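Novice: This is the structure I have questions about; it appears just below.
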Amino acid sequence: MPDHDTIAAIATAPGAAGVGVVRVSGPAAPAIAAALLGRAPRPRHAHFADFRDGEGALLDRGLLLYFPAPASYTGEHVLELQGHGSPVLLDALLRRACALGARLARPGEFTERAFLNGKLDLAQAEAVADLIAARSATAAHAALASMEGVFSRRVEALLQALVALRVHVEAAIDFPEEEIDFLADPAIGARLDALRADLAALLHEARRGVRLNDGLRVAIVGRPNAGKSSLLNALAGSERAIVTAIAGTTRDVLREQVDLDGIALELADTAGLRETEDPVEREGVRRAHGELQRADAVLLVTEAAHAEADLALLDALPPTAARLVLVNKIDLDGAAAREETRAGLPWLWLSARTGAGLDALRARLRALAGATGGEGAFSARRRHVLALERVAVHLDRAAEVLAATRAGELAAEELRQAQHALGEITGVYGSDDLLGAIFSSFCIGK
Ligand code: GDP
Ligand code: ZN
């Protein structure tokens with residue numbers, strides 16, 4: 001439900017800067033503008049103005065811009081007051097706007113209003129936050145695409161196809177004497193199959209969108225002394241992890257953010273996975289297992305002599321994580337860096353110490369992060385992927401019951417739930433809790 005009060009916030013980052021902006025949105029915006037300007041503001045015009053406090057003392061001198069509803073970011077009357085980027089001045093300007101009828105905005109409240117006024121859908125609103133928070137050029141590019149609606153339009157197209165199919169199935173239910181014929185129509189099955197194929201493709205791209213957005217989460221596993229910490233350091237180009245020749249030194253999960261030519265990697269060096277009595281070390285092992293469950297990719301670091309035996313370490317991993325086997329320390333036996341596929345897994349021979357083979361590893365990581373393979377990439381969030389996965393489950397079940405029993409009611413219910421899950425992505429369906437959780441993670445002033 002749109003609020004009818006007026007909100008204000010400093011929209012620029014805290015700290016001293018050349019320019020700072022106080023943003024105001026809501027019905028009182030034109031009156032606040034008129035009070036500051038001494039006359040009615042002209043829409044979309046840069047007024048040079050003296051900003052004065054209630055006693056008429058000069059606060060700052062700057063630009064005042066007025067965007068009448070609905071052609072504004074929030075869809076409401078919006079005012080932008082551009083002053084000098086001093087936290088003290090901007091604070092005074094903000095307090096002046098509040099004295100004239102605004103209240104302080106909550107984090108994300110401008111974008112929340114834009115969403116509630118239909119200026120952007122929920123996935124686009126989330127992309128605004130992701131764009132602001134983007135840690136790499138690739139991530140920013142992808143977030144921009146989602147903000148422009150690239151992802152939302154794909155979801156919308158699926159939603160329309162789903163609704164059309166529902167209409168068809170519901171119609172069959174409404175004419176029970178013909179239901180069997182209706183549902184036996186191969187066209188229904190074919191349309192459902194096409195929908196599932198489109199969904200699978202979108203899910204694939206959305207997962208990639210999450211990796212682009214969050215960065216690729218890479219867990220490094222292997223027995224103690226295999227060279228995990230050395231590899232982390234080699235990739236990160238720093239001496240962050242403790243490298244020693246004593247087994248079990250890495251007693252916790254070490255995380256490192258690495259920018260690999262514009263893609264964010266989050267590398268986690270897990271403690272050596274082995275049974276241990278040492279409680280500190282055991283805690284490390286426990287955390288390592290948690291780290292594995294949320295990894296997008298797992299690097300198994302091993303050495304030539306242990307490689308086959310160490311493969312067992314991969315058994316406990318989530319099926320969605322990509323795996324690479326890294327045969328480290330090739331400098332010791334003079335082997336050449338190379339790549340090979342064994343039993344369906346990519347194996348890379350390398351040396352964390354000399355750096356041999358690391359370029360091949362970086363190329364693999366870039367590919368896994370979704371940075372290769374083209375244009376049209378959009379950002380997405382885990383929430384979206386989870387929703388798409390639920391849609392897939394419902395569509396699979398719908399196909400099953402249709403094929404097995406031709407039970408129209410059951411299929412219709414699955415399709416209804418699929419539609420609901422899909423609609424959560426763009427916010428067609430959404431709870432206040434969901435909206436609260438999403439917008440409260442924004443920065444203030446956006
Ligand atoms: P971790 O326990 O798996 O994290 O292993 P570390 O990274 O701490 O390395 C254990 C030992 O192996 C250290 O003495 C490293 O210097 C050594 N080491 C790591 N990588 C290489 C490598 O590529 N070649 C050689 N010769 N030694 C390595
Ligand atoms: Zn280590």
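In case you wondered, yes, glycine gets a Cβ from its N, Cα and C as well.
Quick caveat, the model's predicted, so the values are computed rather than measured.
Taken from TrEMBL, the feature (6S)-5-formyl-5,6,7,8-tetrahydrofolate binding site applies to Arg23, Glu80, Lys119, Lys446. Among the features that TrEMBL reports, domain 'TrmE-type G' is placed at 215-370. Here TrEMBL flags Asn225, Thr244, Ile246, Thr249 as K(+) binding site. According to TrEMBL, the GTP binding site annotation covers 225-230, 244-250, 269-272, 351-353. Per TrEMBL, Mg(2+) binding site is recorded for Ser229, Thr250.
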Novice: Name the secondary structure element type, per DSSP in three states, that contains Lys119 ((6S)-5-formyl-5,6,7,8-tetrahydrofolate binding site).
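Specialist: Lys119 ((6S)-5-formyl-5,6,7,8-tetrahydrofolate binding site) sits in coil per DSSP, no helix or strand.
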Novice: Go through Arg23, Lys119, Lys228, our binding-site residues, and report the one whose Cβ sees the most other Cβ atoms within 10 Å.
Specialist: Lys228
Novice: Including all protein chains shown, what's the count of other C-beta atoms within 10 A of the C-beta of Ser229 (Mg(2+) binding site)?
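Specialist: A count of 23.
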Novice: From Arg23, Lys228, Ala352, Lys446, which binding-site residues have a C-beta atom under 6 Å away from some atom of ligand 2?
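Specialist: Checked binding-site residues vs ligand 2; flagged Lys228.
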Novice: What is the total of other Cβ atoms whose distance to the Cβ of Glu80 ((6S)-5-formyl-5,6,7,8-tetrahydrofolate binding site) is within 10 Å?
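Specialist: If we count other Cβ atoms within 10 Å of Glu80 ((6S)-5-formyl-5,6,7,8-tetrahydrofolate binding site), we arrive at 21.
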Novice: To the nearest Å, how far is the Cα of Arg23 ((6S)-5-formyl-5,6,7,8-tetrahydrofolate binding site) from the Cα of Lys228 (GTP binding site)?
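Specialist: If we compare the Cα positions of Arg23 ((6S)-5-formyl-5,6,7,8-tetrahydrofolate binding site) and Lys228 (GTP binding site), the gap is 49 Å.
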Novice: So among Glu80, Lys119, Ala352, Lys446, all listed as binding-site residues, which is physically nearest to Ser229 (Mg(2+) binding site)? Use the C-alpha atoms.
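Specialist: When the Cα distances are compared, Ala352 comes out closest.
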Novice: For Glu80 ((6S)-5-formyl-5,6,7,8-tetrahydrofolate binding site), what is the secondary structure by DSSP, using just helix, strand and coil?
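Specialist: For Glu80 ((6S)-5-formyl-5,6,7,8-tetrahydrofolate binding site) - judged by DSSP and reduced to three states - the answer is strand.
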Novice: Among all the protein chains here, how many other CB atoms are within 10 A of the CB of Lys446 ((6S)-5-formyl-5,6,7,8-tetrahydrofolate binding site)?
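Specialist: For Lys446 ((6S)-5-formyl-5,6,7,8-tetrahydrofolate binding site), the count of other Cβ atoms within 10 Å is 22.
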Novice: Tell me the coarse DSSP state (helix, strand, coil) of Ala352 (GTP binding site).
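Specialist: Where Ala352 (GTP binding site) sits, the three-state DSSP reduction gives coil.
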Novice: Work out how many Å separate Lys119 ((6S)-5-formyl-5,6,7,8-tetrahydrofolate binding site) and Lys228 (GTP binding site) at their Cα atoms, rounded off.
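Specialist: So the Cα of Lys228 (GTP binding site) lies 48 Å away from that of Lys119 ((6S)-5-formyl-5,6,7,8-tetrahydrofolate binding site).
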